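Participant: Take a look at the following structure, please.
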């Protein structure tokens, strides 16, 4: 199954006093080659040009639809990078 999505901020987001305001638009897609596996890619841009534009990617695992593990990473301009993980369980 293939899922494609797009979203955007209608108004700018005000950050902390030391940070500039931002307003993001993004696109992404998810491919599910198996019922328990998802591969994701995306792109996010700040239309205010105050924050780095980033590419994202990730994998999701859901064996037996009980345990869900999502791993993600991002990379962008100006040495912007990050990683994350989320673990959920369904009872």
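A Cβ is built for glycine as well, from the same backbone N, Cα and C atoms used for every other residue.
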Participant: Could you tell me which of the ranges 1-22, 23-44 is annotated in TrEMBL as region 'Disordered'?
Facilitator: 1-22
Participant: Please work out the helix, strand and coil residue numbers for the region 'Disordered' (1-22) from the DSSP assignment.
Facilitator: 0 helix, 9 strand, 13 coil
